[in-house]
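Colleague: Here it is: the structure, laid out below.
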Amino acid sequence: MKILSVLLIALIICSINICSEAGLIDVRCYASRECWEPCRRVTGSAQAKCQNNQCRCY
């Protein structure tokens with residue numbers, strides 16, 4: 001049981017770190033595919049989505 005709680009805490013810490021790496025860029029969008037190329041130019045990765053009409057890069 002002790003190991004399970006340690007693993008759970010480690011998972012939460014890693015999740016917080018991964019989620020905090022996502023960043024908004026100043027590009028308006030209506031669909032996620034509109035964010036792929038701008039995010040590739042900014043971060044080097046095409047992992048992106050359109051959120052509240054603004055691109056979020058991962």
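A Cβ is built for glycine as well, from the same backbone N, Cα and C atoms used for every other residue.
Model, not experiment: these values are computed from the prediction.
When I checked Swiss-Prot for this same protein, it listed these features:
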DISULFID  CYS29-CYS50  disulfide bond
DISULFID  CYS35-CYS55  disulfide bond
DISULFID  CYS39-CYS57  disulfide bond
SIGNAL    1-22  signal peptide
SITE      LYS49  site 'Basic residue of the functional dyad'
SITE      TYR58  site 'Aromatic residue of the functional dyad'
Colleague: Near the Cβ of TYR58 (site 'Aromatic residue of the functional dyad'), how many other Cβ atoms are there if near means within 10 Å?
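Modeller: There are 14 of them.
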Colleague: Quick check: in three-state DSSP terms, what is LYS49 (site 'Basic residue of the functional dyad')?
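Modeller: LYS49 (site 'Basic residue of the functional dyad') sits in a strand per DSSP.
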Colleague: List the Cα distance (Å, whole number) between CYS39 (disulfide bond) and CYS50 (disulfide bond).
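Modeller: CYS39 (disulfide bond) and CYS50 (disulfide bond) have their Cα atoms 11 Å apart.
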Colleague: For a quick check of packing: other C-beta atoms within 10 Å of the C-beta of LYS49 (site 'Basic residue of the functional dyad'), how many?
Modeller: 16
Colleague: When you rank CYS29, CYS35, LYS49, CYS50 by Cα distance to TYR58 (site 'Aromatic residue of the functional dyad'), which of the recorded positions ends up on top as the closest?
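Modeller: Checked the recorded positions CYS29, CYS35, LYS49, CYS50; minimum Cα distance to TYR58 (site 'Aromatic residue of the functional dyad') goes to LYS49.
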Colleague: Sorted by position, what residues of the same chain at least six away from CYS50 (disulfide bond) have a C-beta under 8 A from it?
Modeller: CYS29, TYR30, ALA31, SER32, GLU34, CYS35, ARG56
Colleague: For the disulfide-bonded residues listed here (CYS29, CYS57), which one has the lowest count of neighbouring CB atoms within 10 Å of its own CB?
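Modeller: Ranked by other Cβ atoms within 10 Å, the disulfide-bonded residues CYS29, CYS57 bottom out at CYS29.
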Colleague: Express the distance between the Cα positions of LYS49 (site 'Basic residue of the functional dyad') and CYS55 (disulfide bond) as a whole number of Å.
Modeller: 6
Colleague: Enumerate same-chain residues with a sequence separation of six or more from CYS55 (disulfide bond) and a Cβ-Cβ distance below 8 A; give 'none' if the list is empty.
Modeller: LEU24, ILE25, VAL27, ARG28, CYS29, GLU34, CYS35, PRO38, CYS39, ALA48, LYS49
Colleague: By the DSSP assignment reduced to helix, strand and coil, which category contains CYS55 (disulfide bond)?
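Modeller: In the DSSP reduction, CYS55 (disulfide bond) maps to strand.
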Colleague: DSSP secondary structure for CYS39 (disulfide bond), reduced to helix/strand/coil, please.
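Modeller: CYS39 (disulfide bond) sits in a helix per DSSP.
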